[in-house]
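Visitor: Got a structure for you, questions after.
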Amino acid sequence: MTSNAHATDAAFKALAIAWTTREGRILDLFAQPDRFERFSVAYGDLLIDFSKTAITDDILSQLLELARAGGVEAQRDAMFAGDHINLTEDRAVLHTALRDQASDTIQVDGIDVKPGVVETLARLGDFATGVREGRIAGARGGVITDVVNIGIGGSDLGPAMVTLALAPYHDGPRCHFVSNVDSAHITDVLKGLDPATTLFIVASKTFTTVETMTNAATARAFIVNALGEDAVGAHFAAVSTALDKVGAFGIPADRIFGFWDWVGGRYSVWSAIGLPLMLAIGPDRFREFLAGAAAMDEHFRSAVLDQNLPVLLGLIGLWHRNACGFPSRAIIPYDQRLARLPAYLQQLDMESNGKSVTRDGAAVSRPTGPIVWGEPGTNAQHAFFQLLHQGTDIVPVEFLVGAQSHEPALKDHQDLLVANCLAQSEALMRGRTLEEATAQLRAKGISEDKVAEIAPHRVFPGDRPSLTIAYATLDPFTLGRIIALYEHRVFVEAAVWGINGFDQWGVELGKELATQFLPAVTGGALPPSASASTSGLIAHLDAVAGG
């Protein structure tokens, strides 16, 4: 074990002791009248309040020491410098270059990638503007009214999430997303679409992703059957680097937009993968989105650790995961247009940090990535908040809420939304004692026998941690900041855990086996290594399908 690893291990042990020996409850910490001021940090209008966690001054100091011991600053600087920090794939990690609006040059392996980034963004802008203005039209001259993005994973979750989030800024064609190879997905999306006014974007770096190419073939047939083979080029664009394969599909070179191997799929929404968003909101708004992320990048690089939002968010995550032993975190945006944010963050976090070996291939010595899940409020309150408040597992909650909505005429809705968000975080912390529950029931005139029967069911343990991310309005700039905040939070946690947060070998085995099992599903033989369970399931599915 290196000296750095020794320091990290010692810091984790000290934090675990701080948790197990703590006295009192989170609510008791508010005896300090300035707790909110000392345990919340703002960057412009974007504020993180973590005062409703069990973190104290001493614990925060230990967490900051953990960040230093884990080499967060050095690893951060290595990422921005273009070093190959993705060791298993021998790649740089520079999605930040896609939104960098300050640097004159960005070096990767001695090559300045800035001109290519600028050129690609300009090409995307020209194409999006042409479609939005009707100059780039369908094969029969029809203005494009609908765009269907076909991708999966990072080629779907990112653009789908941000396009929904920025719906108030849509002034271009309607955007739809197809990801699942389930025929129901593309069938339902294509219903009601006019082939003559529909543009498909096929997003696959290699142009070989099975789910994406299966859906792309169906979309191609949709166009060919209605408009003829010659119409394919006018109704498709591609985000890919496989020029030969894309050309063979029928998509002309001027409709192919590439990105680089130093951009991971779950970090690619800033690249040509974000084309659906640009078509929906326009190039200028898209640049505002990039600018928000760039601002958070600069904050991450320059802010001192105890005022650094991504660092603090990462350290809070490490505290809850490793010191407190909480295995999951819930993301609850009080904004319906952020409905896809929890799913997006599931991939960002769980695909990055769901690792069981360190960067050098040794087994990790402590739990790593948590289970990330959630739904928007207030819907979530009527679904799973029962467990959050009274269940046997403690789940740290991360609330997101804006001060203003995009519907000023419905301010009463926003007021109710904000009140619910604040009430839930307060209730999770405060709880309700048996004495309070008893007094509340007695005040209603209920008999003593009934009070004794019901009161235990109305007790809330409380002392359940949450943090709140608050901002003015969900606009393109703010959304960019929020996504980059979470990207860097995941980076901080991976750095301290000593894992590679930029590969995803865990997705490979299932894909390999699916290729082996497909012949058996279609009537052939299973490989000898398949289990009796798989054989039995195939036989049952074949029987009930009438095969």
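A Cβ is built for glycine as well, from the same backbone N, Cα and C atoms used for every other residue.
The annotation active site, proton donor is assigned in Swiss-Prot to GLU351 on the grounds of sequence analysis. As annotated by Swiss-Prot, active site applies to HIS382, LYS511, with the evidence given as sequence analysis.
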Visitor: Which state, by DSSP, holds the residue listed as 'active site, proton donor': helix, strand or coil?
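Guide: It is helical.
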Visitor: Just to verify a number: CA distance, HIS382 (active site) to GLU351 (active site, proton donor), in angstrom, no decimals.
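Guide: Given the Cα positions, HIS382 (active site) is 29 Å from GLU351 (active site, proton donor).
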Visitor: How many Å separate the Cα atoms of LYS511 (active site) and GLU351 (active site, proton donor)?
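Guide: LYS511 (active site) and GLU351 (active site, proton donor) have their Cα atoms 15 Å apart.
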Visitor: Output, ordered by sequence, the same-chain residues six or more apart from GLU351 (active site, proton donor) with a CB under 8 Å from its CB, or 'none'.
Guide: ARG266, GLN504, GLY506, VAL507
